[in-house]
Amino acid sequence: MDPKGWCEKLNDGHVIPVLGFGTYAPEEVPKSRTVEVTKLAIDAGFRHIDSAYSYNNEKEVGQAIRSKIEDGTVKREDIFYTSKLWLTFLRPELVRPALEKSLTNLQLDYVDLYIIHFPIALKPGEELFPEDEHGKLIFDTVDLCATWEAMEKCKDAGLAKSIGVSNFNRRQLEMILNKPGLKYKPVCNQVECHPYLNQSKLLDFCKSKDIVLVAYGALGTQRLKRWLAPNSPVLLEDPVLCAMAKKYKRTPALIALRYLLQRGVVVLAKSYNEKRIKENMQVFEFQLTSEDMKDLDGLNRNHRFLPLQIAVDHPEYPFADEY
């Protein structure tokens, strides 16, 4: 088996490649660069591409995917593409139009995975972050079970092959799983996960329910002032990680990615650097010993780089619970 084709089976029968390419970039990165790097990622062997409506780059990501289909590098069915339902579209009647908007931007007929970006509903409208005159977010009240039913309809309509969630805690997952008349379980929960926040309890819970945990921020996140928790350490400068990188003759980033893969986590690697995009594919070329895995477990400090502090007062703010 080609290790680059390493996949996890989802609870609905579809499969997800365990290494994905994250496409999020700060606003100052020119959009044309997104097209370039997404093409580079596909050329390097990435088959799982992760984006979102709110990244404001689905036109470019779609263009890159289509050009790689047109030049014969891949077929559409070789690519696993994820999009996300933004917080201003959580009302059930807005779910399908939001997905259709993403599909129009992408110029694709379907997405492989559509996930609820956060369990936090914001006031519907054009603004991604609707604020009142005091600069506070304007929340909306939506029953997430009703949102989920609308997601199920998108799957039935063939607009999304699989449906899942992101940034949900255990209680919120259980709310969906215990919903009367549930038709499809979420296939995944995409959350921040790395050696400093290893999510061991949430991971065990997800595994027990046959839900795949997908890790974003696996390399410690881009250090964007607006979102970064204050006094955040730099993950890839961690001495244990760096010592291990020397031992295996790999980069600290590869050690961090491999650690998650060996725990059964699907990992998103985000990079706009050509050399590192290619380098990240080497994660399939080596294995960490169980002793080294234990040492990496010891790095956990429950540090969340992206606490979404601006929504802390929302009744469904997910990070107040232990997990």
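Heads up, the Cβ atoms here are built off N, Cα and C, so glycines get one too.
As recorded in Swiss-Prot, the features of this protein are as follows:
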| type | residues | note |
| --- | --- | --- |
| ACT_SITE | Tyr55 | active site, proton donor |
| BINDING | 20-24, Asp50, 166-167, Gln190, 216-222, 270-280 | NADP(+) binding site |
| BINDING | Lys31, His117 | substrate binding site |
| SITE | Lys84 | site 'Lowers pKa of active site Tyr' |
Chain-internal residues, separated by at least six, CB under 8 A from Gly20 (NADP(+) binding site): Phe46, His48, Ile49, Asp50, Phe80, Thr82, Val214, Val266, Val267, Leu268, Ala269
Residues satisfying Cβ distance under 8 Å from Lys84 (site 'Lowers pKa of active site Tyr'), sequence separation of at least 6: Ser51, Ala52, Tyr53, Ser54, Tyr114, Ile115, Ile116, His117, Ser166
Which of Leu219, Lys270, Glu274, the listed binding-site residues, has fewest other Cβ atoms within 10 Å: Glu274
Among Lys31, His117, Lys278, the most crowded of the binding-site residues [Cβ within 10 Å]: His117
Rounded Cα-Cα span from Lys31 (substrate binding site) to Lys270 (NADP(+) binding site), Å: 16
Around the Cβ of the residue listed as 'active site, proton donor', the count of other Cβ atoms that are within 10 Å: 18
Number of other Cβ atoms within 10 Å of the Cβ of Gln190 (NADP(+) binding site) across all protein chains: 27
Cβ neighbour count (within 10 Å, all chains shown) around Tyr24 (NADP(+) binding site): 20
Cα-nearest neighbour of Tyr55 (active site, proton donor) within the listed binding-site residues, Tyr24, Gln190, Leu219: Tyr24
Three-state secondary structure, Leu219 (NADP(+) binding site) (per DSSP): coil
Per DSSP, three-state class assigned to Lys278 (NADP(+) binding site): helix
